[in-house]
Each structure stands twice: as structure tokens, then as C-alpha cells.
Amino acid sequence: MNGHMSNRSSGYGVYPSQLNGYGSSPPYSQMDREHSSRTSAKALYEQRKNYARDSVSSVSDVSQYRVEHLTTFVLDRKDAMITVEDGIRKLKLLDAKGKVWTQDMILQVDDRAVSLIDLESKNELENFPLNTISHCQAVVHACSYDSILALVCKEPTQSKPDLHLFQCDEVKANLISEDIESAISDSKGGKQKRRPEALRMIAKADPGIPPPPRAPAPVPPGTVTQVDVRSRVAAWSAWAADQGDFEKPRQYHEQEETPEMMAARIDRDVQILNHILDDIEFFITKLQKAAEAFSELSKRKKSKKSKRKGPGEGVLTLRAKPPPPDEFVDCFQKFKHGFNLLAKLKSHIQNPSASDLVHFLFTPLNMVVQATGGPELASSVLSPLLTKDTVDFLNYTATAEERKLWMSLGDSWVKVRAEWPKEQFIPPYVPRFRNGWEPPMLNFMGAPTEQDMYQLAESVANAEHQRKQDSKRLSTEHSNVSDYPPADGYAYSSSMYHRGPHADHGEAAMPFKSTPNHQVDRNYDAVKTQPKKYAKSKYDFVARNSSELSVMKDDVLEILDDRRQWWKVRNASGDSGFVPNNILDIMRTPESGVGRADPPYTHTIQKQRTEYGLRSADTPSAPSPPPTPAPVPVPLPPSVPAPVSVPKVPANVTRQNSSSSDSGGSIVRDSQRYKQLPVDRRKSQMEEVQDELFQRLTIGRSAAQRKFHVPRQNVPVINITYDSSPEEVKTWLQSKGFNPVTVNSLGVLNGAQLFSLNKDELRSVCPEGARVFNQITVQKAALEDSNGSSELQEIMRRRQEKISAAASDSGVESFDEGSSH
């Protein structure tokens with residue numbers, strides 16, 4: 001949803017009801033909990049399955065469901081809020097404006113009350129005694145939230161009841177509603193107890209997860225799959241830039257850059273900038289929501305006389321929590337990266353211009369700095385450093401007040417790389433976006449550039465840590481393993497990049513000094529040659545940790561790894577993870593061109609199968625990164641990666657049209673056979689990295705010997721006019737990359753209606769109103785350019801007809817008079 005999603009897994013060792021809503025027994029003793037944690041996954045599965053078959057006396061009184069709190073309304077006639085339907089209608093309006101902020105929590109039902117529990121701390125947030133719940137209702141398929149549980153509660157101290165709305169995904173709202181209603185009925189003293197039967201019905205209705213496979217879950221790939229081999233070679237920039245060797249091939253590359261290449265680079269940078277602005281806006285909204293909740297909580301505490309927690313204060317307390325420090329750090333890094341991109345794009349973007357966006361960014365930057373209590377946290381964010389162009393651009397653009405804020409953030413925001421000690425390790429910045437988007441890979445080759453080299457350094461810097469993890473995994477591979485993946489994921493490192501000046505340079509350089517002995521047991525070349533396989537999900541599966549993937553019934557999934565009982569698959573959104581193979585049906589491979597394309601970074605450069613360690617007088621060894629530079633290798637002709645389509649122009653920041661050549665060209669493919677490694681010998685992870693470094697360097701060196709052209713991609717352009725239908729408007733909005741809220745809100749208008757809206761009206765309808773207005777302005781200008789010449793010709797034709805008619809009436813053709821007009 002649009003709230004902060006917790007990755008904390010309920011697991012089988014705690015309360016089984018936390019996953020699929022089955023009843024759990026009262027809290028165990030310490031000894032019981034320790035014994036339960038040691039119980040095998042298969043036994044726990046059998047225990048869960050037996051809940052539905054047990055006698056009435058064995059059904060527990062406590063059930064728990066993971067839900068998302070959507071909002072709470074006060075039922076007041078003055079606000080036209082009387083029924084649940086009124087609340088759903090207002091929820092739709094908030095959702096259309098992007099103002100619904102969800103909060104994950106556990107809803108617990110027992111024989112006395114309905115409680116809301118914090119997922120992380122397990123503290124009770126709210127407690128609604130059953131006698132205070134006046135109405136319980138399930139609302140399905142009413143809006144984008146398709147399974148809503150509505151609770152109307154009124155405590156004796158309240159003058160008006162509250163309407164609480166929850167989204168229920170894991171267990172549907174109608175089942176939870178039946179559980180609550182049966183508990184309310186039983187609490188009123190009915191002769192026949194309804195709740196045991198209701199819990200039994202829930203257990204039968206919820207499919208749960210399939211029986212566990214007998215074999216252990218497959219060991220997930222480590223860093224090699226998180227950051228592919230191609231992107232890992234990017235770490236070269238960190239050392240080559242220090243040695244002054246990076247700028248030479250880059251300068252030559254820029255001289256050889258064609259208009260098509262330049263357009264692709266600009267479009268890529270603009271897309272990255274747009275996603276940075278979106279993430280910053282989302283974070284600011286999150287801060288504002290927390291501030292609003294804190295303000296409301298403070299008002300309630302001041303107005304009430306007793307210290308007893310009032311209704312709704314528990315949820316408010318949870319919503320008033322500020323984001324964790326890591327999210328603040330990520331936001332500061334995106335500010336710095338955004339400034340760098342604006343400096344690069346200052347002569348390529350308009351409406352708004354780069355200068356306007358700089359002023360725009362300083363306002364939320366000031367808010368975030370104040371929210372952290374001062375510039376201390378921001379000044380500790382070292383990576384990414386601002387470039388010299390960025391510093392010059394900010395000095396020229398920033399106002400006095402903005403410059404004061406900028407300078408207060410310290411050296412990490414002011415000094416460029418050349419001003420830092422050469423031995424100071426500056427961790428490369430790898431942007432991570434909230435929606436999982438990754439920048440598209442450019443469809444041409446050239447010398448390594450900063451954009452191409454983000455992700456490698458992260459992988460290489462963590463290579464030593466990965467080697468230790470792999471060794472640890474191998475030592476325990478044949479020991480007793482759970483039939484399910486562990487609740488906290490697999491044994492690979494998901495640690496983020498190092499930041500700040502605290503990173504030890506010696507540790508950072510250590511992966512370059514030693515080659516791990518462990519060899520990676522994965523043949524990626526063989527995998528790449530196999531046709532893609534697809535499977536359809538037979539029913540829903542809910543992921544319990546970050547390594548698994550939640551799927552819905554009838555989802556079509558691409559099979560990435562089917563060598564074990566748990567298969568690694570990728571869904572239509574590009575998310576990948578592990579699911580049990582017994583919930584999947586193998587499908588016939590779709591026809592060519594059907595199905596989704598690979599994510600941009602899943603394409604890897606073809607590996608040169610050269611034997612690393614080849615030494616000769618005319619082929620010196622490839623340079624290894626710091627501390628000691630090495631001779632430059634003789635260029636080897638590289639293979640050409642698969643072309644990737646040029647990304648479309650982003651929606652919210654437009655760029656000036658640059659002239660480009662339509663002449664087709666061809667990539668000169670140089671081929672050469674290399675010595676291959678023995679088949680029975682697999683390269684270690686570090687050897688693969690070094691091979692890719694060697695190959696990437698040869699790509700940059702051989703650029704001077706080759707001139708190539710990239711053929712212009714024929715991308716269909718979607719435009720709208722005043723005569724466009726609502727369907728055409730909707731297609732145009734989707735082609736510009738607007739989110740579903742914007743598409744659904746504006747997709748009902750025709751072209752004339754859409755063009756008639758101003759910026760304020762668009763902002764009131766959808767959160768991306770300003771971006772839509774910019775695109776509409778571009779469309780209007782294009783229409784004026786295309787229609788201007790035809791309108792002029794029409795005017796001249798009518799004028800000539802009048803002149804001809806007047807001349808024929810007088811018997812004289814007055815050409816001079818006509819020309820004077």
C-alpha cells in the first residue's frame with residue numbers, strides 16, 4: 001500500500017494465528033516457547049492443519065489477524081458522516097488524492113474485546129470491549145481497497161462513535177467480521193456458542209500454505225544475483241577516478257557520443273531525477289502525517305483530565321512516530337544526488353528549469369534538517385559527494401538563505417572529491433527507490449561512466465563479507481535445516497552501503513587484496529541460453545519473510561530457478577522470490593513478444609571466457625584497484641550486449657528537443673576466440689569480478705579504435721488533441737508514466753475537458769497535478785506548432801476567395817490589392 005510496510009515475519013514459532021488467522025492458545029510459558037521454537041516446520045504445519053479438525057473444546061478463544069489500519073472517522077451528522085457507506089465514500093475521496101496512510105498492525109479477537117497490537121513492539125495500541133462495538137461490517141470490492149473491515153465503536157466517555165476502517169489481505173474481511181460478530185453474540189450470553197464454529201469455518205475457508213516440501217529450501221543466490229555481474233564492474237570508477245585515469249577514456253567517449261546516445265543519457269538521468277523527487281515528496285508527506293498525529297495527540301493529552309489512555313490514542317501514538325534514522329539518511333542522499341543530476345541537466349530540462357527545481361528542493365531540505373534537530377545527521381552523510389559542476393551551479397543559483405542552509409551542512413555537502421584526501425574512501429552511492437524502480441541500461445557501449453558504475457562498488461566492497469557468509473553456509477549446508485526458509489531470510493548479506501567518514505579504507509580495499517577460495521556453484525552462461533519458463537499459481541501464497549514472494553491465485557510467474565522444492569520466480573511487477581513448487585502449474589512458454597520484458601538490469605554483458613592469469617610480454621596484467629596501480633592492458637575486442645530500447649521521456653520534468661540523426665548505423669562487431677577455462681573448474685566470485693573488470697577496461701581502451709553508431713529506435717509517440725476520447729486520454733496518461741490514481745481520476749475526461757483544467761484544479765484532483773499540467777502545456781504547444789501553418793493557409797485561402805469574388809464582380813482581377821492583404 002502507501003504506508004510503511006513492516007518486513008517482520010510472524011513465523012510459526014510464535015503464534016500461528018498471526019499468519020492466517022487460526023486460533024492460538026493463551027501465551028505459553030518460557031519453557032513452552034523455547035520448545036516451540038525448536039519444533040520442526042513440518043510438525044508445526046501438521047499442528048496448524050489439525051486446528052480445523054479438533055473438537056470444540058480445543059478451539060482457542062484468541063485469534064489474531066494482520067491488517068492495515070486505513071483511517072478513523074467520527075460519525076457526526078454535521079460532517080454528513082452517519083453510516084459505514086458514508087465512511088467508504090470519504091475513503092474513496094482521500095484515496096483519489098493520495099491521502100490514505102496505512103499502518104500495519106495485528107487485530108486480536110478474544111471473548112472480551114477486540115484489540116489492536118503493534119507489529120514490532122507487540123504493545124497493545126487500542127482495546128475495544130465487545131460491548132462498545134455497535135456495528136461490524138465487511139465491505140468488499142468497493143474501491144481500490146477490496147476487503148475492508150468496518151468497526152463502529154463508542155465508549156461511555158465518547159459523545160459520538162468512531163468508525164475504524166481496516167484493509168484485510170491475508171484473511172478476508174468477511175471472515176474476520178464473522179469472528180467478531182460471533183464473539184459479540186457469545187458475550188451476550190447466548191445458549192449456543194457461535195464462535196467455535198466460526199473459527200472452524202475460518203480455518204476451512206483460508207487455504208493457508210501448502211504442505212512443506214521434504215527437501216530443504218534452495219539456498220538463495222547471494223550478492224551475485226542481487227547485483228549482476230555487469231553492474232559489479234562499476235566499482236572500477238572508485239579507484240580509476242582517484243588515479244586520474246578515469247577522465248581520459250570518458251572525455252574521448254563524450255567526443256564520440258552521437259545525438260542518439262546523448263538523448264538516451266539525458267532521458268535516463270531525467271527519469272532518475274523524477275523518481276528522486278517522488279521519493280522526497282513521499283518522505284515529506286510521511287513527516288507531515290507524523291507531525292499531524294503528534295499534534296492531535298498533544299491536544300488530546302492537554303484537554304483530558306485523567307491519565308487513562310483515551311480511544312484512538314494508541315493508533316495516534318503509532319502514527320506519530322517519526323521515520324527511522326536510516327530513512328532520513330536515504331532522503332539526504334537523494335537530495336545530494338538530485339543536486340548532482342540538476343547540475344548535469346541544467347541545459348537540457350525546462351518547465352520547470354533546473355534552477356527552479358533547486359529552489360524547490362531547498363524547501364523540503366530545510367524541513368528534513370529541522371525534523372532531525374539540526375544539521376548533525378545531514379553532515380554525517382558523506383556519499384554521494386557533490387561534483388564540481390554542482391557546487392558551481394549551487395553557488396550561482398542559490399539565494400542567500402538557501403546558501404546559508406547549504407553551508408551549515410558541512411564539508412560533506414560543500415567539498416568535491418579532489419578536496420578530500422586521496423586515501424579517504426568515499427563509498428559509491430547506489431540509489432534505492434521506494435517502488436523498486438531501477439534506472440534503464442543504456443543501449444550502447446563505451447568507456448565506463450559514473451552512471452554505469454554505481455552498483456559494482458557496493459558488491460565489491462562487500463565481497464569479503466560475502467565470502468565469509470558463503471563459507472559459513474557451506475559449513476552448515478549438510479546439517480539439519482528447516483523445511484522452510486528461516487523467518488529472517490537467507491544467509492546472504494543485505495547490508496546497505498557504508499556511509500560517512502567512519503568507513504575504514506583498509507577494510508574497504510581488502511576485497512581487492514585477496515581472492516576467495518570459495519567457488520560460486522552457479523553456471524550463469526547455461527542459464528542465459530535456456531528458454532524462459534512460466535508457471536501459474538494455483539492459489540494464494542503469503543510470504544513470511546523478505547526472501548519469499550507473495551502470489552495470488554492465477555498469477556503468471558516466470559521461473560528463474562526450479563532445481564529445488566522451493567522455486568525462485570518473478571511476477572509481472574518484476575519482484576522475485578521463493579515459493580513452494582507444489583502451488584504452481586507449469587505453463588507452455590508464451591509466444592515471442594508476449595509477456596513482460598526483463599527488468600533493465602537483468603541484462604548482463606556477455607562474459608569473455610578468457611583465462612584469468614594470461615600473461616605475455618605484449619599483454620600486461622590488468623590493473624587491480626588500490627593501493628598500487630598496474631600496467632594498462634592491451635585492448636581486446638569485446639562482445640556487444642543485447643540492445644535495450646531507449647527510455648521514454650519522463651512525465652514530470654520535460655527536456656528540450658535535441659536534434660538527432662535518423663541515419664541508420666550498425667555496430668561493428670569484432671570477434672575473437674579466447675582460451676576457455678576447463679569445464680570442471682568454476683570461477684570464484686572475486687575471479688568473476690576481476691574478469692569483468694578486465695573486460696570492462698578493454699571496452700574503454702578499445703573505444704579509441706572503433707567508431708560505431710546506434711540505430712535510432714522507432715518508439716511510437718502517443719499524443720492527444722482537443723478531440724481525443726477518454727480512452728485516448730487514459731492511454732496517454734499511462735504512456736507518460738503517471739500512477740494509477742492519476743490515470744483513474746483523469747482518464748474519464750476527454751481531450752477538451754483535460755485541456756480546460758488549470759494547475760490548481762489538477763492538483764485538487766490528483767497528487768501529480770503539477771506534472772500533468774506540465775505535460776498538457778507541452779501538448780498544447782505541439783498542437784499550436786502543428787496547426788499554425790494549416791490555419792495560416794486557411795486564412796489566406798479565404799482571403800483570396802474574397803478578393804477573387806470582388807474582382808469578378810468588378811470585372812478586374814486586382815492582384816496588387818490581394819497581395820497588399
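Every residue gets a Cβ built from N, Cα and C, even glycine.
The shown structure was predicted, so the numbers you read here are calculated from the model rather than taken from an experiment.
Taken straight from Swiss-Prot:
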REGION    1-39  region 'Disordered'
MOD_RES   Ser58  phosphoserine
DOMAIN    64-194  domain 'PTB'
REGION    204-224  region 'Disordered'
COMPBIAS  208-221  compositional bias 'Pro residues'
MOD_RES   Thr223  phosphothreonine
REGION    295-320  region 'Disordered'
MOD_RES   Thr317  phosphothreonine
REGION    461-525  region 'Disordered'
COMPBIAS  464-476  compositional bias 'Basic and acidic residues'
MOD_RES   Ser475  phosphoserine
DOMAIN    530-589  domain 'SH3'
REGION    610-683  region 'Disordered'
COMPBIAS  622-641  compositional bias 'Pro residues'
MOD_RES   Ser624  phosphoserine
MOD_RES   Thr628  phosphothreonine
REGION    648-821  region 'Effector region'
MOD_RES   Ser658  phosphoserine
MOD_RES   Ser661  phosphoserine
COMPBIAS  670-683  compositional bias 'Basic and acidic residues'
REGION    679-697  region 'Amphipathic helix'
MOD_RES   Ser684  phosphoserine
REGION    717-737  region 'Helix bundle 1'
REGION    751-756  region 'Helix bundle 2'
REGION    761-766  region 'Helix bundle 3'
REGION    765-784  region 'Helix bundle 4'
REGION    800-821  region 'Disordered'
MOD_RES   Ser810  phosphoserine
MOD_RES   Ser814  phosphoserine
So how many of the residues in the domain 'PTB' (64-194) end up helix, strand or coil by DSSP?
34 helix, 51 strand, 46 coil
Predicted model, mean pLDDT over the region 'Helix bundle 2' (751-756):
87
Quick test of the contact rule: Cβ under 8 Å, at least six residues beyond the ends. What residues does that give for the region 'Helix bundle 1' (717-737)?
648, 650-651, 743, 746-752, 754-755, 772, 775, 779, 782-783
Helix, strand and coil counts within the region 'Helix bundle 1' (717-737) (DSSP):
10 helix, 0 strand, 11 coil
